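First the structure, then my questions, so here it is.
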Amino acid sequence: MSEPEVTSVVDMKSPNISSSCSFFKLKKLSEESLLQPPEKVFDIMYKLGEGSYGSVYKAVHKESSSIVAIKLVPVESDLHEIIKEISIMQQCDSPYVVRYYGSYFKQYDLWICMEYCGAGSVSDIMRLRKKTLTEDEIATILSDTLQGLVYLHLRRKIHRDIKAANILLNTEGYAKLADFGVAGQLTDTMAKRNTVIGTPFWMAPEVIEEIGYDCVADIWSLGITALEMAEGKPPYGEIHPMRAIFMIPQKPPPSFREPDRWSTEFIDFVSKCLVKEPDDRATATELLEHEFIRNAKHRSILKPMLEETCAIREQQRANRSFGGVLAASQAKSLATQENGMQQHITDNAFMEDPGTLVPEKFGEYQQSSASDATMIAHAEQGVDEGTLGPGGLRNLSKAAAPAAASSAASPLDMPAVDSGTMVELESNLGTMVINSDSDDSTTAKNNDDQKPRNRYRPQFLEHFDRKNAGDGRGDEKPIATEYSPAAAEQQQQQQQQQQQQQQDEQHLASGANDLNNWEHNMEMQFQQISAINQYGLQQHQQQQQVLMAYPLMNEQLIALNNQPNLLLSNAAPMGQQGIPAAAPAQPPPAYQNQHMHTQSHAYVEGEFEFLKFLTFDDLNQRLCNIDHEMELEIEQLNKKYNAKRQPIVDAMNAKRKRQQNINNNLIKI
């Protein structure tokens, strides 16, 4: 069991960074903390942005008061990749790699607790300042980044997604590697990897060509990152990513657009990173000895950049707070005017008992006076049902907006805004993963005390989702209070989700019913086919009995088919010889044609009269063929049955397999 380590940290002086503070610096979560529900261990502050496979939130560790970053990953995501990320982070203990503290399974979400880097990513800093970095700043950041790559590569780990968005800075100016969602492990039996993984613009040529790659693939990405920090975007950043994938292996290595602005040492450093032949490319250890890195200045030169970034965030926070207060003031003034307009009518109607809710028809309630016209109705789980005004529940939706705006204006309800850790790129350049690798899993604590009927989702996440909706860059907004107008929308969204879930369940149930109905219909069809076969057999037996009783009928039928006029010439002799008078005379040509036409539809229409006019050989041949024809029909029906049944069975097996994989991963953890 490990306890939080006490460390004194002196931050750089800035408008919103304390000059000196002493607090517990987390090193690893204790066993007691891992056994508790995560919401009892942490206080979630607000959302920072999006990382690979999940959203990242800023939180406070209650026991040590340390600020941490928590990635919440739904179990519906690729659990194998998530566990691989945890495994790699868990094995790393370096000041140049984001530290891993522990993880929880809370019902249907995985909570990954990591080190918090308050300055945010390099791409965030460039975006907020709206300018690129200087050469000295780039050298200092690349020095720490190379230290982190040396640490990983010595342990045969490939990051595979090096870019400015995955290089985080803390308030002390340390650069740390983050987001190991696509990292890989090289083993003794795996000299190189062949999977296409990474972000297209930063991807090495050998990764795109799938010819096998190793740790130096990160060096190519580092060179592209250096160009990104110097010019604001990677090479080919203005074209479509899929087109860039084809251009990177074919074109010469990229370089600076304006080389005159940069020193020869910096240009040479980038050229050694961007060597297309992996065997000729420099390693992280070799690049640490490069003149450009050896001449890098102390990280204290990053202080003005970090202070400027923090000042911009502080200004954005103040602007949002002022805008919220102004909007709340206007809403409050409007609400006062509306109450004043309705007060005269209310006073005339209810003068005796102000402030009392009196029953009205149909179970509704109406207030006696506008003096006490505001009452917040709290529903279960903190859902805001709005404001009860003079019109009672009928005016609920109209009065909810002013009250919610007034509530949202409270400074206590307006948390600090920070774009902090793992905020998505402005251009939304995601990480592309093609194919998959298999790596070992890691350790996490399962905190699923009891399985709920519906998926558990903390209420604060709904606020964050609404707050960040439509913001592709991950900028922060104040948390919506429980009295906000968005609360009603939240309740409506929850109802829609429940309805959708019920529809999905009904769809699955109907699918099972369809399968049962299909099997029942097939059984009925098989029974009908058997009945047809049995009927044909009975007809054949009856025909044989007739032929045995009248042996000359076969010869006469043959003669009838060969000579149509024979029946008329021999009608009297046949009667004299005892042939049954019921023997048919020669049918008219139209009648013959009709029966000839109906022969092909006999089994469909249920007409078997035409069999009387067939010869014994024809009947015998038809009897021999009917078994084969029935077998073909049964085979075709069986194929149709399997074609409709197999997709349902495959879907059910896939769900069982996926559930089994999740259970196996939980057991490993």
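Glycine is no exception: its Cβ is also placed from the backbone N, Cα and C atoms.
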Pick from THR187, THR195, THR264, THR346: which does Swiss-Prot describe as phosphothreonine?
THR195
Quick one: which of SER33, SER263, SER368, SER436 has phosphoserine in Swiss-Prot?
SER33
Where Swiss-Prot marks phosphoserine, which residue is it, choosing among SER30, SER333, SER371?
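With Swiss-Prot as the source, phosphoserine is noted for SER30.
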Since the record lists GLU50, ASP161 as recorded positions, which of them has the fewest other Cβ atoms within 10 Å of its Cβ?
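Among the recorded positions GLU50, ASP161, the lowest count of other Cβ atoms within 10 Å belongs to GLU50.
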Of SER30, SER33, the modified residues given in the record, which has the fewest other CB atoms within 10 A of its CB?
SER30
Check the DSSP secondary structure of SER33 (phosphoserine), expressed as helix, strand or coil.
helix
Tell me which of the binding-site residues LEU48, VAL56 sits in the most Cβ-dense spot, judged by other Cβ atoms within 10 Å.
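Its Cβ has the most other Cβ atoms within 10 Å: LEU48.
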For LEU48 (ATP binding site), which of the three DSSP-derived states applies: helix, strand, or coil?
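Note: LEU48 (ATP binding site) is in a strand by DSSP.
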For SER30 (phosphoserine) and VAL56 (ATP binding site), determine the Cα separation and express it in whole Å.
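On Cα coordinates alone, these residues lie 22 Å apart.
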Within 10 Å of the Cβ of GLY54 (ATP binding site), how many other Cβ atoms can be counted across all chains shown?
21
How many Å separate the Cα atoms of SER33 (phosphoserine) and VAL56 (ATP binding site)?
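Rounded to the nearest whole number, the Cα-Cα distance is 20 Å.
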